[in-house]
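Asker: Below is one structure. I have some questions about it.
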Amino acid sequence: MWILALWILPLLYKFSLTALPAKPENISCILYYKKNLTCTWSPKKEINYTTYVVNRTYSFGKKRDICKANSSTGASCSFFRPTITPPDYFTIKVEAENKDGVAISDITRWTLNDIVKMEPPKILSVKPILGIKKMMQIKWEWHDSLFSSSDFKYMLRYRTINSTHWVEVDFQSDDLVYNLTGLQAFTEYIIAMRCMVKGSYFWSDWSQEKMGLTEEEVPGGLDLWRVLRPAEVDGRRPVQLLWKKARGAPVLEKTFGYILSYFPENNTNLTQIINTTTQQCELYLGGETYWVSVTSYNSLGNSPAATLRIPAVNETPFQCIEAMQTHFAQDLLVVKWQSSNPVVDTWMVEWFPDLDSESSDISWESVSEARNWTIPQDKLKPCNLYNISVYPLFQDRVGEPYSIQEYAKECAPEKGPVIKAENIGVNSVTITWEEISKSDRGGFISNYTIFYQAEGGKEFSKTVSSSVQQYDLESLTRKTSYTVRVMASTRAGGKNGTEINFRTSSLSEYPSYSHVASSLVTLSDVSVLKLTHLCWPIVPNPAESSIAKWHGNDCKNKPNLKEFDDSVNTEESILKSYCVPSDLIDKLMVNFENFLEEVSIEEAKKGQENIWGGEKNEYVASPNRPDCPPEKSSQFLTEIPSRTPQISEDNSSKVEEQLLSSGESLGPDYFYEEGALNPYLKNSVTTREFLVHEKLPDETKTKV
């Protein structure tokens, strides 16, 4: 038992040690001038409730005092005046105690001048010095201090009013005055200061900001650019000149106006001068080379002149840019290009929105000793397509530009395509659409999607590339209403265009019934009657036909073709029957115009009747029905032999006289052999073909 207790006792002792507070370490002290001395340590937080006692010696170790804190208030403790007057030397020791025991830190030693943090200086004024350009004088004051001005070093920071970039300057001063040089003329600056006791680790906080304005001087230089336009009919060449303040020019620079002068390169005596207050001017120059210069002026004088050479119309610019590309880096649009001429190191970048209407909103910027250019995306309008061109500049020459198009940010199109349905057929239609205007695209069109749906049916879609502006929809259902729309898509999304409806045709590529009806209005009564016979023929009653009598007499009186002309081949003269194609009615409609022509011919021959008799139904049916394929067995078509009997006029008149004298008409059975079926009983109206004889007999009438 005692052996077990001796074995467990060290474990219990070790466990009790883990409950002690952590030893305070990383002690750091800072003297806030005229406020307090604050010391901190780690760990910042204890698991168990812990009290802290900070033991301090001061007055160079002659005096002692303590500061108390606990884990609730944090691992920090402060000593207050008047026992913290620098310069001084003291030590710090921290004791941490909880219910399980005490932990004591190492002793640290401090010199107050090394850890003092002063109050920031108070700036009294920021003013320019009369007659001295590009400089401002800053004055400040100091609070009551145990230190002299020579014990401090200072830091001043400044920026222009429209910038976020600070410039910092370190300096020392005994008289609390500092002259800040290297500034821009007539520019507003924001100034702030801070200080530090020499030998200390800590800068004071920044002072309150103060604003100052540098003295005005003559205007700075200008950036000058031009836009060349095609020559007009009278030979004059429009040239738009554009200028702006050069990079680095004073922000608040006063300018009263601009003086523009230009002259032909070979004749300076023709110099012309224009005074303007705008930053652009349009000139009409001749075809030769010109020189242009622009200066700005104010009450103090003129700026340096910005000059530009306008090349002759027939001058060929040099080329050196081989390729150009764009990409996005964070919030910047980056343009890079490659040059074949290493001597060229100056470029002019030009950019403007690519709109359907001409726009003068052109921006430009000069680039030197680089082959890339960046612009923040927020300086370009989103959803707008921009033309970006880079011009190489060498001495006084401007080279051939290289251009590219880019969106700062792509959007879905504002409008969708306007579509039309063309060539509507039985089972197909052509959908066409126009290109969306540049101002409404929002981005590069990647593709078009055609959505179409039959009435009460499922919606289908087809996707085509952005270069396609028409599409043939096929395999549609006959005589069916459809709804169609087209969606244009960019990388940012899509937009549907107008929705239209159409109905597939029942006939393929033939005139509609309304067209037929309108054509009937132009026909005479006789033509209308004949057309009525074509479209709605009267089917004879077989019981009342003389054909029944012919069969009743066993066809004994049936004439034979051989009696008229032995040269006629009876097999060819017999009407042959064929399977009727499924598009019979379509073919009949195709021949509608020919029918109208034939009807007009017949009108001139009123009173004449068909040689075959006075039957109102001018159709001939096939006597026999041949075997047909199963899919076509229900439709038949009668074909007239291509060869016709050659009967002379004399023989023809004789045959006619013989028929008239016999009192018999040439009925339908005239064309058939014995036992042929009645054609009127075997064929439907739709299988009859309209026949027009080439030559109608004069004043011939037969009766059935």
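Each Cβ is built from the backbone N, Cα and C atoms, and glycine gets one as well.
Among the features that TrEMBL reports, signal peptide is placed at 1-18. Among the features that TrEMBL reports, domain 'Fibronectin type-III' is placed at 120-217, 414-507. Sequence annotations record features per position, and here TrEMBL assigns region 'Disordered' to 642-661.
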Asker: Tally of helix, strand and coil residues over the domain 'Fibronectin type-III' (120-217) according to DSSP?
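Answerer: The breakdown for the domain 'Fibronectin type-III' (120-217) reads 3 helix, 47 strand, 48 coil.
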Asker: For the domain 'Fibronectin type-III' (120-217), what's the mean pLDDT in this predicted model?
Answerer: 89
Asker: Can you count helix, strand and coil residues in the domain 'Fibronectin type-III' (414-507) using DSSP?
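Answerer: Here the numbers are 4 helix, 46 strand, 44 coil.
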